[in-house]
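Working notes, structure below.
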Amino acid sequence: MKTGTLIECFDVSKAFGSKLALNRVNLSVGRGKVIGLLGPNGSGKTTFIKLINGLIRPTKGEILIDGRKPGVYTKLIISYLPDRPYFADWMTVKDVLSMFSEFYQDFDRNKAENMCAAMNIQPEDRIKTMSKGTREKVQLVLVMSRKAQLYLLDEPIAGVDPAARDYILTTIINNYNEDGTVIISTHLISDIERILDEVIFIKDGKMVRHESVDEIKEKEGKSIDDVFKDTFRMEPFMGVNRNDR
Amino acid sequence: MTGRLIKYEIRSSIKLMAVIWAALIAASLLFSVSSNLLRRTFEGASQGANTLVSIVGTITGFMYISIFIALVAATVIIVILRFYKGLLGDEGYLMHTLPVKPWQLITSKGLVAAGVVLLSIIVAMVSLAILAGLSSLSVIPDIFSGIAKAWKEDPRYILIIVEVLVIMVLSLLKSIYQVYASLAIGQLAGKHRILLSLAAYIGLSTAVTVFFIILGMIAGSFDMVDLLSSWDGSAGNMFGLSQFVIAVMFGLTAIQLVAFHIITERILSLKLNLQ
């Protein structure tokens, strides 16, 4: 079992044109944890995940995963679930399973096949003809059938019904490599609170909080969902005051 | 890993193209049968039968031309879409997180695209040969006897043929890489990516033209044209001249190919902008 820090971010910023999506992020993440990356829409969660898995490069600063800059090695140890379907139209379930077996040494094909069979998904089924929910489940099966050191799950429970949310979270918890770390980005806190060890709050591109769930609960005596609401509370627009007219 | 990428790229490109290739061969067979065999069979038959043969000939001819146009369009579209959707669209989220380097992704796409174009050209030629009928098959032994004759006369002719074929394939790959570089530049835009890709393609073509003009001016200043025109016409010297011209063409094509590859690779490595 590996020890030590898994992710290190040193003063990481990412700008898209004039817009600063991440602003001077400093972060250190250990191993064997389930971490919630929590923030409202547009706060920079997806940008952070894309930086970690090397899809984009930081404008400033440095990121190290298992002591290495994002590249071929880090892609071998990261299992990534994006917030969209990424299969080619022509592929069948068998094709994607073969692809993962060939490219990732840590992929457990038997496990993936059994998980598909449990959902009544046949190897010959074409991805193109599947419903959106089934396609997402196949993607989740692929990602969780790897014995990765880092799982990056971008909004895995967004846009699915409560029953599917339960299925997804149970699949994550029962299948991740316990020596590895899982980072789940979401704004649906109440659903995932029960499975989290740590939380990272991200607001307008800044990491505003990184603490263990137990510490937060002990300090504030509230659920993570309530702390999140307090942190990201927005003043609702109440209409124009008559006196201001 | 590049081999594995190529394997998946072939499977994704071949599914659509195989249907069109088979359809073109079938259409050319039908057209050939209707325009040759049927016409001969019904020669001297009633006017009604002849009209029917003409209608069948027109329909199969129209089918053949339509599928031929579809083949050209599908080949171009496959070259563009397999790169655009595969590396710059949603599929890019899978491809760019595979444990491979960007140059391997580009190379696998480029090689398979070149293969698809070459196969489309071969299928188009076969379909034309089918239309020309059995008499066209006599060309094949003619070609081989021509090659044998050239080999007997001077084996260096064969070398020239091989070199020209290599340059043609390299030139095809260069053209595909120019499209890739344009698409990579185009994806830098948040909106109007296709429009920027088109502008980039025109820009790159202009840059290549300017590069050639400058090169021509440099060659002119070194009296290269005089040097070439002073080459005497003896067989040995003509071979030397052909090797010089081929080497220059090879070098210029290779420079463009490498430049377009570097542009694409750098952009995908440093400025990937998946939507």
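Using the three backbone atoms N, Cα and C, a Cβ is placed for every residue, glycine included.
Non-local neighbours of the transmembrane segment (B:12-33) in the same chain are 57, 60-61, 63-64, 67-68, 70-71, 74-75, 78, 82, 86, 112-113, 116, 119-120, 123-124, 126-128, 130-131, 133; each lies 6+ residues outside the stretch with a CB under 8 Å from one of its CB atoms. According to TrEMBL, the transmembrane segment annotation covers B:12-33 (among others).
Feature annotation from TrEMBL assigns transmembrane segment to B:53-81 (among others).
The list of residues near the transmembrane segment (B:111-137) in space but at least 6 beyond its ends in sequence, with Cβ under 8 angstroms from a Cβ of it, reads 6, 9-10, 13-14, 17, 21, 24-25, 27-29, 31-32, 35-36, 64, 68, 71-72, 75, 78-79, 82-83, 169, 172-173, 176. Annotation comment: TrEMBL describes B:111-137 (among others) as transmembrane segment.
For B:157-177 (among others), the entry in TrEMBL reads transmembrane segment.
The feature transmembrane segment is assigned by TrEMBL to B:198-219 (among others). Non-local neighbours of the transmembrane segment (B:198-219) in the same chain are 178-179, 181-183, 185-186, 225, 252, 256, 260; each lies 6+ residues outside the stretch with a CB under 8 Å from one of its CB atoms.
As annotated by TrEMBL, transmembrane segment applies to B:239-263 (among others). Beyond the ends of the transmembrane segment (B:239-263), by six or more residues, the same chain brings 103, 106, 110, 154, 156, 160, 163-164, 166-167, 170-171, 173-174, 177-178, 180-181, 184-185, 204, 208, 212, 215, 228, 231 to within a C-beta distance below 8 angstroms of the stretch.
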